[in-house]
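Structure, as structure tokens:
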Amino acid sequence: MEIKDQGAQMEPLLPTRNDEEAVVDRGGTRSILKTHFEKEDLEGHRTLFIGVHVPLGGRKSHRRHRHRGHKHRKRDRERDSGLEDGRESPSFDTPSQRVQFILGTEDDDEEHLPHDLFTELDEICWREGEDAEWRETARWLKFEEDVEDGGERWSKPYVATLSLHSLFELRSCILNGTVLLDMHANTIEEIADMVLDQQVSSGQLNEDVRHRVHEALMKQHHHQNQKKLANRIPIVRSFADIGKKQSEPNSMDKNAGQVVSPQSAPACAENKNDVSRENSTVDFSKGLGGQQKGHTSPCGMKQRLDKGPPHQQEREVDLHFMKKIPPGAEASNILVGELEFLDRTVVAFVRLSPAVLLQGLAEVPIPSRFLFILLGPLGKGQQYHEIGRSIATLMTDEVFHDVAYKAKDRNDLVSGIDEFLDQVTVLPPGEWDPSIRIEPPKNVPSQEKRKIPAVPNGTAAHGEAEPHGGHSGPELQRTGRIFGGLILDIKRKAPFFWSDFRDAFSLQCLASFLFLYCACMSPVITFGGLLGEATEGRISAIESLFGASMTGIAYSLFGGQPLTILGSTGPVLVFEKILFKFCKEYGLSYLSLRASIGLWTATLCIILVATDASSLVCYITRFTEEAFASLICIIFIYEALEKLFELSETYPINMHNDLELLTQYSCNCMEPHSPSNDTLKEWRESNLSASDIIWGNLTVSECRSLHGEYVGRACGHGHPYVPDVLFWSVILFFSTVTMSATLKQFKTSRYFPTKVRSIVSDFAVFLTILCMVLIDYAIGIPSPKLQVPSVFKPTRDDRGWFVTPLGPNPWWTIIAAIIPALLCTILIFMDQQITAVIINRKEHKLKKGCGYHLDLLMVAVMLGVCSIMGLPWFVAATVLSITHVNSLKLESECSAPGEQPKFLGIREQRVTGLMIFILMGSSVFMTSILKFIPMPVLYGVFLYMGASSLKGIQLFDRIKLFWMPAKHQPDFIYLRHVPLRKVHLFTVIQMSCLGLLWIIKVSRAAIVFPMMVLALVFVRKLMDFLFTKRELSWLDDLMPESKKKKLEDAEKEEEQSMLAMEDEGTVQLPLEGHYRDDPSVINISDEMSKTAMWGNLLVTADNSKEKESRFPSKSSPS
């Protein structure tokens, strides 16, 4: 931490309280008024005024339990007297434990529930010839922003670095200054009156300067946004009015009907020398002190603040910054500065109850909850500024922030500061420049461990959360009843059915729909084309479009997880090829046998649903998921590049080009020298002969259809050279990939407003496709385009839309079909459930639950329907589903400056999937539009989807570690807990399995691919012998244990909890010399009192107090 100007800073801001003045207030409430109250008048009051401690009648004071306070704090409350320097006596009760106790208590009212805080630091500014005013110099939502020296702009948000000395001085201010908790006030004037009355009563402020300090506090506040908004149309007045109206029910209206105590009004003016009873609590109302001499009335203050044109009477609001403040946030105002007429420091910490909108005090129109006032003599402005930064930074600390809301007295606040000091990290002064602004981190560590007490074994009392989510939950528990899991899925998803449609009203859903429609169209049509080639047109592109649309619509409407996108898979295509070849060799009807197999497969899948077989998904861990997902992503990338290279066969390049012979290059269509029998038969059917055809006048497509030959220097192998088309296709391909990735990252760009960046990022891929289509159309190069069937009818005329399972095949084929159906069932089950597991991971923070059984049922039913109609089978597509989820990610719209938006979850709805497949079915009628989309653009989209889906896969992060020195490796959580050699061993095993899957996938044995995916589960089980359970918990998900093992673990946990409870009930008595068994456990409050810095503060304070007692001020109270 920063330590500077120590000579000036060693002088304390406040003298320490001694026995003659006041003992450090260990009570919950102190009245600043010298008025006698009866006990029954004081009980049950919430307002706390922590100030002077004056014993009554020589009676030894004791702490009393408040009716709404803590119930178990006797050991702290019964310490009535402290040391002269304000320190508590040594104790093993550490600040961390006290803070955990404070945060663990629950108040009966909602008034002390913590809210988000906006903190503003204002400093009083004096200029010659001008009236003084409060100027905003810094603000905090999460990180610090300063007004730059020029005063024209805000700095970038940065992590606040504080000097240790300023934190010590802040602690001294809270210990010895005025602390007013739960003050009832409606205006800044009332707050100033109460604070100054407290200061005068306690002898911290002279009566003759009270009026001048009050005037200083009433000075107008000038905020940084006022200058740049001064000339704008005051439309923002309505926004301020909204904030005012939201706050008035909690401020003016609530207090309007309060009855002022008959003793409270004259208390300040007349009874200043009376002795107040300890624990006195006074409910100050808005009329308190309003008639005192020298005070400015609220009306007078309003007249002074409302100078200027009418449109400036309501302060301008920075709407852009206002959007970053969370709903329900409150303000804490820090007021520091130098006053020439002060000879000692005025310090006050105020908590309002309820929070009140103080017009003109904060930059934004939100209710103020806390005020910290620090005014002192000239010459210590920088010191005051650093203390103001310290309290503002503390207010942004998650733990102290909660302590400030729940504190019952001064000691609670001091404990919060001590706990903060116990957690801070100190930077050596010789190795760090404090003027360097630290950039906000991308991820801020959780502070929950600071709030939860620890048990003897070092873990949190409430248990340590798993490092990452597995697949446990009610969705995967066996019910023991037929269709029990399916019934629970329906009950779980039914309440969200209508919200699945309402939640889709967002531009993000429109962007996702347009992007994925283009992404899904091409593979469906391509798959149909390949299937048509393999089955001689029995199932082709039109059947593929119709089947995908029908299956997708049904699944999107009634599926358990509508975020899953259905598509075609490679193993299905391999199975279709093998089946067609088998039927052709044995003279069987392919479509009929396929229908029988499909119906058996659907029946077996329904049996799996009835027996809750989806509960076996819990054995699919991250190890299997990542291997499967990585393979599919790599296949997408590989096939995209393969399709691009295949264009070189259709549009070849002359690799032996000679620029000097360009005038001699030509390519002509000639009669084939030796036409094949098929060619001659085709000519005869068309009533043509070789002599009837004028070969030299034929176009390229006509020459190809008549099986002519290309002759000439500009001809390749069966095609003319077309270099511009291939090169242009390559340009389109890589431009699509680059532009998609760039626009997707545009959300984090520094250009344009946030809303524009967000829209561009959501529509990134669609905008890319649109731009590439326009550019391709403008250039005019005939690149290959998307071909969509233009007529809705079966590809072959000899088949209809329905197929009988038996057909012309023998009867026994229906029974024999169960054998290949078993293999198909494994294929469908593994593809569907692994994809569902990836989509339903806890990292996605899905709130509407999942439905593994319902998903499998819908896939099984539609598989049976597609089999009867002779349509392709569709199952969950991994990459398309991951892309769908990534396109619907939700992030916090209201994030503090410098804070990374928080991932909130996924926009769960059914509309995007539904619209994708509805439009896909309508594509037959949109061929006039779709024919403009170049195929290289869609190949580029495939590559982008495959590459973007690899992000977040831990396997590739671990692969990078092989080439990184240890000192340059990222701070992955598993590297902290698992030896690097074990991490590498885990990665090698996973890469070996991935390589084996790849070999099987691209070979003729691709039909057994699902069996190999299933084998990964057993490989993972064998890894229990190579790695410990703890190592696997960090590198992978833990697999379910046997019932006996679970019972043993439960017994061990119960024993540990019993030991923890016994330990909590044990009373530890310190030995002589305060010996501690564990040297790592210290009390920061006790250790701080032993430091020379704190001691110097106390010694100087005592000297200052002694000097003041020798030469008392005339106006100081007796």
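The backbone N, Cα and C atoms fix where each Cβ goes, glycine too.
Owing to the predicted nature of the structure, the values given are computational and were not obtained by experimental measurement.
Topology check against Swiss-Prot: Met670 and Ile973 carry an identical topological domain name and occupy the same side of the membrane. When Asn457, Asn697 are looked up in Swiss-Prot, the one carrying the note N-linked glycosylation site is Asn697; the rest have no such note there, which does not rule it out for them. Of the candidates Ser247, Ser276, Ser446, Ser472, Swiss-Prot marks one as phosphoserine, and that one is Ser276. According to Swiss-Prot, of the candidate residues Asn687, Asn1083, the site noted as N-linked glycosylation site is Asn687. In terms of DSSP helix, strand and coil, the topological domain 'Extracellular' (957-998) has 34 helix, 0 strand, 8 coil. Taking CA atoms as the reference points, Asn677 (N-linked glycosylation site) and Asn687 (N-linked glycosylation site) are 15 Å apart. Long-range contacts of the topological domain 'Extracellular' (957-998) within the same chain: residues 467, 623, 626-628, 630-631, 634, 1009, 1012-1013, 1016, 1019, 1023, 1026-1027, 1030-1031, 1034-1036, each at least 6 residues beyond the stretch ends and with a Cβ under 8 Å from a Cβ of the stretch. Contact between the transmembrane segment (563-583) and the transmembrane segment (999-1019) is present: at least three CB pairs lie under 8 Å, with pairs separated by 6 or more positions in sequence. Away from its own ends, the transmembrane segment (627-647) comes close to residues 570, 725-726, 729-730, 733, 784, 834, 838, 878-879, 882, 935-936, 939-940, 942-943, 945-947, 949-950, 953, 955-956, 990, 993-994, 997-998, 1001, 1013, 1016 of its chain (Cβ-Cβ under 8 Å, at least six residues beyond either end). In this chain, the transmembrane segment (539-559) lies close to the transmembrane segment (913-933): three or more C-beta pairs between them fall below 8 angstroms, excluding pairs fewer than 6 positions apart. Thr94 (phosphothreonine) falls within neither a helix nor a strand when secondary structure is assigned with DSSP, and so counts as coil.
Of the Cβ pairs linking the transmembrane segment (913-933) with the transmembrane segment (597-617) and spaced 6 or more residues apart, fewer than 3 are under 8 Å, so the two regions do not touch. Asn697 (N-linked glycosylation site) sits 19 Å from Asn687 (N-linked glycosylation site), taking the Cα positions as reference. Stretch with the largest number of CB pairs closer than 8 A to the transmembrane segment (856-876), among 597-617, 721-741, 763-783, 810-830, 999-1019: 597-617. Within the model, the topological domain 'Extracellular' (784-809) carries an average pLDDT of 77. Other Cβ atoms within 10 Å of the Cβ of Thr94 (phosphothreonine), summed over all protein chains shown, number 19.
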